[in-house]
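Remarks on the structure that follows.
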Amino acid sequence: MSTIEKHTQIVKKTASKLGFDYCGIAEATFLEEEAPKLENWLNKNYHGKMAYMANHFDKRLDPRKLVEGAKSVVSLMFNYYPQQNLDESRNALKIAKYAYGEDYHFVIKDKLKEFLKCLKEEIGEVHGRVFVDSAPVMERQWAVKAGLGWKGKNSLLLNKSSGSFFFLAELIIDLPLIYDNPSDKDYCGTCTRCVDACPTDAILQDNLIDGSKCISYLTIELKEAIPDDFKGKMENWVFGCDICQDVCPWNRFSKPHKEEAFLPHADLEKSAWEEMTKETFNKVFKRSALKRTKWEGFQRNIHFVKNEAS
């Protein structure tokens, strides 16, 4: 076995040992085909008020600008599909499944740090950085290049065996490895279930999302008042949205995760969120992704969906 084969085997085994469901590897190169797509998306203001999306254009397209001497992008998938959904009846306030438990940034980042540590212990001098939705990395595009799946019409990564309820993460390292074949087939075909189900018409042609219309954007990223145009369209989502994933036929293959940290927080079972004080919110959701919207944003979302129903 060659050194490069041995190193690749160590990477794949370490990913499995740390609980990652899928691991693929791509060469760290410039994403030339993505440059015009990203530029077009930004020029059409599909990023809404997310000004940071226009920053670090070159770094988004070239991992070697993030990690000096980068040779490989290790793409990872970690399942978060719950054992049981929280109350999603018609009048229940709803939050995205990824926010049921602890903040994935903390949980996955800890695993990634351990990953890099393991590589250094087994291989020796390995330099790199770890990423989980926290830097200008085009994670879905890298996952496709690493053979983990294809980009669906809802722009999410779809895996033929397991669907889309996964966190994506990356290690960008200066270690040459054996690269996986990229996914070159789109298995969505003529299906338009996600497009048809989106209540705000955020899903466009060519696997594009108008982020400024997406319920996840409106309830998390948007810091000002939610425009009245969206009244009657939120379907009681107060943090994120899973509609386009819930209707996707590929998610019939989703299996419950085994990560204790992602089990629902006890207070998520309660329905009196609109009466929650700022102090209680900060205490209860200290390690939750819900804190991203802050108490003020959470209350804004609740009042918006409550008022749109009246």
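Note: Cβ is positioned from N, Cα and C throughout, glycine not excepted.
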* Which single residue out of C118, C241, C248 does Swiss-Prot record at the [4Fe-4S] cluster 1 site shared with C188, C191, C194? -> C248
* Asked: Same-chain Cβ contacts of the domain '4Fe-4S ferredoxin-type' (179-208) under 8 Å, 6 or more residues past its ends?
  -> 24-27, 41, 46, 72, 144-155, 158, 160, 214-215, 218, 230, 233-235, 243-250
* Structure fact -> A 10 Å Cα radius around C194 ([4Fe-4S] cluster 1 binding site) captures, of the recorded positions D133, C214, C241, C244, exactly C244
* DSSP-derived structure type at C194 ([4Fe-4S] cluster 1 binding site), helix or strand or else coil -> helix
* To do: For the recorded [4Fe-4S] cluster 1 site formed by C188, C191, C194, C248, name the remaining residues of the chain with Cβ within 8 Å of the site's Cβ center, in chain order.
  => G152, K153, N154, L158, T192, R193, V195, C244, V247, P249, W250
* Structure fact -> Cβ-Cβ distance under 8 Å, sequence separation of 6 or more, same chain as C188 ([4Fe-4S] cluster 1 binding site); the residues meeting this, in order, are W150, G152, K153, L158
